Structure formats: structure tokens, C-alpha cells
Amino acid sequence: MDSNFVTCKLCAKNLTSPCHLDCLHDFCRDCIQKELTQTFSSKLSAYSCPVCKQLTATKNKSSEKWAEQLPPSDFVGALAEVHRLKNEDVLCTPCKRKRKSTTGSKWCRSCHEALCKSCVEVHDSLKTTMKHEMMDLNEAKTSETKSLVYGPNCTIHDHQGLTLFCEDHDELICPLCAGAKHKECQQIRTVNEEVKAKSYEFQEASSKSSSQLQIAKKALVSTRSSISEVDSTFPNLRDKIRSVRNRVDEILSKCEKKSTEELGRLENEYRGKLEQDIQKLESLNAESSHTNQLLDHVKRFGTDGHILQCMQQVQERSKSNSEAFEEYRELKKLPKVSFAINRQLDEVLRSLSTLGDIVIDAEDLESKKSSSTKNGLDDNNRKSPERSYPKEHREFSVRTRSDENACVITGILSLPTLDWVFCDKGNSKLKLFDRQFQMKSEHIMQQSPFDVTLMEDQIIAVTIPENMKILIYKIMAGINLQEEIKTKDRCFGISYTSSENKFVVTCPYGSPASLRLLSRNGEELMNLIPEENHGSLFLRPMYVRFDASGNSLLVSDSQRNRVTAITRSVYRRFHYTHSNMKGPRGLALAANGDLFVVGWGSDSVHRVDDAGRFREEVLCRHDGICSPQAVCVSFDQSQFALSLDDVSCKSDFILIFSV
């Protein structure tokens, strides 16, 4: 017998009163209850096994009640008792109940207890136990394990073995149960007969379990080797990216050297010509100055002969220098020198958002599974026709003079007036722009806003995660605070239904992540923690929108790479996933019910119909978008605005596309 099989993984001792989780891992009941008391939260909908991390649903019960209801491990408990019997000095069980420490000498195979000599005498004298079969403990230590393992007992009738099987109820029963609760059942036989009848099923279950074990082992070995591959591949890719950068630097350095050499040549040429002009002008200036002095002195002090003589000399010299003076009659201006960036380079720099694409060259497992689907692709993996040109769009900056940091626009709202409201997380501001994208007003906040929703024509609500608040503003000429609502957790995404006057918010960093349905005054009406396969449906719900009817919620989950539509009764309508949709964030609804989904990790925007089916890839990297964050369709449905995350290095700009 493998001693590890009967060892509790929490206390590292032989199992005592073992119970098991859904994954069938066994623990001492006291150990699992102690573990739950330390780590259990009433908010948790499932408990993770300490060994394999598989989840067991807690069904929102207290740790004590939940632990009590865990099913007992009858076989493992019996095996653990035999292991203890064969490998340890066993104390008398009745004496132990009296808090005495007496070494046992016999083993009762009916009571499954060790007895000392005194207790053996009492045991043999009682009418109910006098016929029990006794075994010497030394003999038990050398006996085969299988001969010592006792069967499960009935939970209703003490010390009654479950020796019968009711086919009608598909359960083990004791003889007393057969004469009471199951007296009208037609199909009752012994467990030995049932095991023989189901021997094929047991072999099949054993074979399937063995096959699954081999699959898991093989996959584990392969996955561990993949880790080694990751350790080697990704550093190589980083080196390759750096080599691209170095290559770009080398080319730019050569271009820079060529341009600076040309500039230096031109500078020397200009400087040499100017220095020549200065030398020539200094000579002419000295000669002209002396000639003026000569004429002045001869006029004042010379005879008429001297005057005629000097005048003749000056005229001759003036005639010979006339061309030189005419050259400088009009002042020369140095031609203006500037630098015009290479047009191709300028276009590349404007459109450049990454050094390249990370390409995952993996075998398409899905196509194997869906061979019955036309062309191996389902509706949500159809690709839009490749465009050889980027979509036309406008860009405008939301940066204002008082901004100290890069803008990070996480929430966008179009008002009925066609004005725009932007949540600038980077500068902790709300910004108001008109329909021509000219700034009208801004409101500085103590903490950063995240998302915004329309409540009435000029009334908006904004989430402030760090302060655990929702702020209500009225938009007139400026942005005026009207009301503060305190929340129980950090809320990020927000949406409002005016038909019922209710908010829904996302709590992506709660334990667990959830949606909260709130009344108009902030009272929590419902904490939505939907489950799927005993686990939470959401891992990181970031943005949420009510659909047009207000009955369904559309939620982007950036970690599960999908958009989920659920009703308020937590009925899942659909999951939207796509091979080219990674890290979904911002959501926007069109008037016809279509949903715009922003793919932060895939640099894309998809359009999805109201049933969760892919319509088209509206935008992709080819359109110059990198790490898109938030999206909003204008109130008149003519255009939509898109913001970029700060990793794009273009987060100061909003991109406007036609719908």
C-alpha cells in the first residue's frame, strides 16, 4: 500500500475521518474545515482544491456548514485505518474515549476498533457484541490488507453494513433500509452480485481513467517542454526586435551622417564666400575712407594745382573700382536654409505604431474539431476582405494647456447636443468638446475617472474607482457636480437604463470579479456573480452596456478574451469570441442593436450583431490604430470616436471614423 495515498495533504499525517472534494482528493474533515475557516469568504462561489486547484462549488454556505456536507471517503477511511493498524502501536479505542492510554491487544472486525484485555472482556459480555469476530493485533499486522478493509456503514442505522444495492434508487443500502424505506423496491440484490453485473462498467471506467491519465501526463510533459521553448524563443524574439531597432538606428545614422555632411559642405561654402566678401569690403572701406580724407584735406589745405592733381587721381581710381562698388550697392541676403523631412520617411513615421507583428504560427486545432463547418470556419471566425488602403479618418488632440501628463481616455460619451465628454484618466479630468472638436470646458478631479454614461439629456454619471464613487454631473456651458454616490467596491465600467432608473457597474478587481446592479441613489440591488462550470463567468470584466431593451447586459472580459451577454437573471445569451479579437475593452451600441467591440490586444474594432454574430472587422492595424481603449458612437449615429491607450504613444489623440 502506498502510504501517500492515505496521507492528508494538509496536515501530512494519516487521514482521520476523511472527506473528499468534487475532484475526489481526500482530506481530514477537521483539516479541511480549519483550512476553510482561514481562507473562506462568503463571496466565493467555489473553493479551490489545495492539490489540483480544481473548483468545488460552495453554494454560498458558511465554512462550517459547507465542510460538514462534504461527502465522506468511506474506502479511503477504511484503508487509512488499516494502514494505521499495520504500521503503528494502536491504542484501545474505548479507553481513548475515556482519555486513557492503553495499548490494544485485539481487533474487532465488526466494530473496527482496537480493544485492550479489559475491554475485550466487557465486549464479550455484552449481548450486542458478544458474537463479534476478534483478531489478535499482531496477527492483523501480518494479514493481507484486503482482508482487513471493512465495507461502508449505513448513515441511518449504526453499525449496519451497506451490503445490498437498490437498482430502483441506484444506491447502496443496509438490510434494515431494505425492510423499511426500500420495502416496495423490486430490484434489490447483494453488493457482490451488483459488482459482478457491473464488472464491465468498472473495467471501462478504469480504462478511461487510465487513458485520461496518459493524456494528462503526455500533455504535462509537452507543456513543460513548451515552457523551456518559451524561455528560449521569447528572448530570441526580443533580440530580433532589438536587431530591427538597431538596423533602423543604423540606417537612420547613415542618413543622418549624409545629411549632416551635406549641411557641413553647404555651411563651409557659405562661410567661405562670406569671408571673401568681408575681406573685399574691408579693403574697399579702407580705400574709400582714405580717399575721402584726401579730398577733404586737399580742399582745405591744397593749392588749385593740388586739387586738380588729386581729383584726377581719385577719378581714375573710382573708375577702376566702380564694378566692385556696384556689386555691393544692394545688400546681399543669405538664402534661407531649412530642412524638409523625406516624404516617405514622414509617412512611415506617421503610420508607424509597432516594429512588427508578433505572429503565432500554431496548428489550427479548431479546424480539426469543426470539420463539418463550411471551410472550417464558424460565423465568428469569418474574416473581412483584406483592404489595401487604410480607412479615412480625422484626428484631433484632447490635450489642453494645463495637462501635465499624457492623456489616457478611458471613457467617451456623445451627448444629444452632439458635444463630446472624455474621461482623461492620465490627467484626472473630465473634458467637454463641441461637435467641431473644440474644447468648451474641463473639470479637474481629485482622482482619475474611468467610464461615463448618459442618464438624461444633460445629466451624466462617471465612475471614480479609487474613491469607490459614482459622480453625477450636469453639462451646461461647463461641467457641474450635482451628486456623489458611494459604492461598496471599486467600479470601472458603467451603464444606465433610464426606463428603470438603474445602474450596472463592473468590479473587475473584486473577490470574485462581478457586476453590481444599483438603484438611482446607489443602493445595491443585486451582486451578479454568474458561474460557469463551477467557476466565475468573469475574470476581468472592464466595460458594460445595457442593450437597447435594458434587459440584457453586454460585458467585455479582457482576460477571457470575449464579450458576454447575460440577462439580469444571470442567463447567458452568448459569448462572442474571434480569432482576431484579443483583450476586448470598450463597447458601443449602434441604433440598430449592433455592438462595436474594441480589441486592445489585437489592435482591432469588430462589429457584432445583437445575437453575438460577427459582422465585420471595422478597423485593424492597417488603419493606423494601436492598443485602442474606448469607443463611442455619436448621438446622431453618423460617426464613432476611438481612443488609444498610452502604450500607443498617441493617446493624446481621438480618431473619428464614419459609421
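Using the three backbone atoms N, Cα and C, a Cβ is placed for every residue, glycine included.
Quick look at what TrEMBL lists:
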{"type": "DOMAIN", "residues": "8-53", "note": "domain 'RING-type'"}
{"type": "DOMAIN", "residues": "87-137", "note": "domain 'B box-type'"}
{"type": "DOMAIN", "residues": "154-193", "note": "domain 'B box-type'"}
{"type": "REGION", "residues": "369-397", "note": "region 'Disordered'"}
{"type": "COMPBIAS", "residues": "376-397", "note": "compositional bias 'Basic and acidic residues'"}
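Residue counts of the domain 'B box-type' (87-137) by helix, strand and coil are 16 helix, 11 strand, 24 coil (DSSP-based). Residues of the same chain lying 6 or more positions beyond the ends of the domain 'B box-type' (154-193) and with a Cβ under 8 Å from any Cβ of it are 110-111.
With DSSP states grouped into helix (H, G, I), strand (E, B) and coil, the domain 'B box-type' (154-193) comes out at 8 helix, 10 strand, 22 coil.
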